[in-house]
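Per TrEMBL, the features are as follows:
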- ASP16, HIS17, GLY18, LYS19, SER20, THR21, ASN133, LYS134, ILE135, ASP136: GTP binding site (BINDING)
- 4-186: domain 'Tr-type G' (DOMAIN)
Amino acid sequence: MQTKNIRNFSIIAHIDHGKSTIADRLIEYTGTLSKRQMEAQVLDTMDLERERGITIKAQTVRLDYQGKDGQMYQLNLIDTPGHVDFTYEVSRSLAACEGALLVVDAAQGVEAQTLANVYMALEHDLEILPVINKIDLPSADPEKVKTEIEDIIGLDTSDAVLASAKAGIGIEAILDQVVAKVPSPAGDRDKPLSALIFDSYFDAYKGVIALIRVMDGSIKPGMRLKMMATHKVFEVTDVGCFRPAPVNVGELSAGEVGFVAGSLKNVKDVRVGDTVTYADNPVAKALPGYRGINPMVYCGLYPVDSSDYDNLKDALDKLQLNDAALLFEPETSMALGFGYRCGFLGLLHMDVVQERLEREYNLKLITTAPSVIYHVYKTNGDLLKIDNPANLPPLTEIDHIEEPFVKATIIVPNDYVGAVMEISQDKRGEFKNMDYLDVNRVLIKYHIPLSEIIYDYFDRLKSSTRGYASLDYELTDYQTSKLVKLDILLNGEPVDALSTIVHVDRATQRGRQLAEKLKAIIPQQMFEIPIQAAIGNKVIARETVRAMRKDVLAKCYGGDITRKRKLLEKQKEGKKRMKSVGNVEIPQEAFMAILKID
Ligand code: GTP
């Protein structure tokens, strides 16, 4: 296709504003799939995923559309992940586009992630087309939302499409605006190949599939290509596009979007942001913006039943096939035995991986509290990057410690400004500035340690603003903080997996609260269990789990063996998520208790 008839665009929106529903309507309206096929397709996809463990990226899709001028256009809708954990992936998807639909809920208005995404789209010089969705809702106020978009973002909304993806209103207008306003891609098919990888997934039959936007040149089966960052050379077996199922085409040329597959077996060879070029006649310079993957949050994963250790490794290997951002390496804990230290892009990513391991691989896991990466400067001049509090060197060897900070953007109705400030201050946040978005909504910026965001910041924001707060954050820098390791001793023995790194000013309070919490969580046993919180050699808090007085079996005097068995079964049931440390049984919640402390 000639580049003048190609349009590449994304949809950007805050979560739940209707991105997926609009994408579905565009697919339906352009006849890419009929309504009936659409339902069938969705089901198919799920079955395939289940049976073969593959993911079909249904939302990056090529649509054919006849414009008002009678010409046929190739519209490539490129999916962007919606969550703050995947900012870098969003930015690569946007780099593959010339335009973006900015979808804003007509009842909710502009939210934190709307803004974060718009700023990113503007950085990529995209043409932004505002779409006000959900105008069918009784509480919709499109005029107010238009004013918000103009005032906050500074976009002209005189042509904004008023849409209801649910009722199918405004869909044709969206397509016409994409044709009329999104610039056609620049690029020359006769130049040497450069193509941007913006996503990838693992297919059990074809190996790794790279989703690409061709900038210059063209790709055909049989060509020998090279990844510029990973240096991987491969031969192309398939090129194609998504409709939304993958369909092979003979060629992808400058300006087009689609997939390429070949002798690629490892997702790590195919990095988002990398440039694909000819193996023998490469372009001199890679496309800008490539960045390695850096997990921000780490935690330990340990099988409850240590005989599951190999199963856990297999499961992690399999998950990694589709998730190059997941890192893991073996780790041993004095308390928990053999497990893995895993790195994630953020908290959502961590939750998703844990849940998949437990659900799809039937593993019972103990997970330790998440930690960020601390930069520990030792007195001898060495720099250690520590992602596990248990590995912090003794106090005497530490000169100072730096921790990661983020810029947090919070949007709330102005009634809740006080609550946001209180929580943020409590989380060691430094107030930056505050802007009124309109008469009753405010945008607040804080510079705040990432570790504090991990510790239930968003949960607390949500609950004290009746769910109205929206949050976005990005890593900005590392700064020195007065941090110490808080150890927990059970029965006089330190339990490494319960250690955390905390700010010195809060250490005593946290230590006390944690000891109290653990007292409530750790079940009584036949003997007394002292719980101590300590910093270095200094014990700062002590609690005791009293010895159990009654024998569970005491009630079943003599004969009733089934009853006895039932009681023992019940006890065993309760033990599933416990780990014996020395002679103390510690339940899973204990390892997360630190997250639940105010
Ligand atoms: P995430 O995938 O979670 O980011 O959400 P999304 O932005 O893709 O939103 P999605 O399309 O899943 O829509 C969120 C909810 O809004 C769903 O329950 C939709 O049915 C509903 N919705 C989408 N468009 C409309 C609309 O035009 N009117 C109404 N009333 N509801 C809509």
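Using N, Cα and C of the backbone, Cβ positions are placed for all residues, glycine too.
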*Work out the three-state DSSP category of SER20 (GTP binding site).*
helix
*Considering only the binding-site residues ASP16, SER20, ILE135, which possess a Cβ situated under 6 angstroms from at least one atom of ligand 1?*
ASP16, SER20
*Run through the Cβ atoms and count how many others sit within 10 Å of the one on ILE135 (GTP binding site).*
21
_Least Cβ-crowded entry, counting other Cβ within 10 Å, from the binding-site residues listed as SER20, ASN133_ = SER20
*Segment-level pLDDT (mean, integer) for the domain 'Tr-type G' (4-186)*: 86
*Output, ordered by sequence, the same-chain residues six or more apart from ASP16 (GTP binding site) with a CB under 8 Å from its CB, or 'none'.*
ASP105
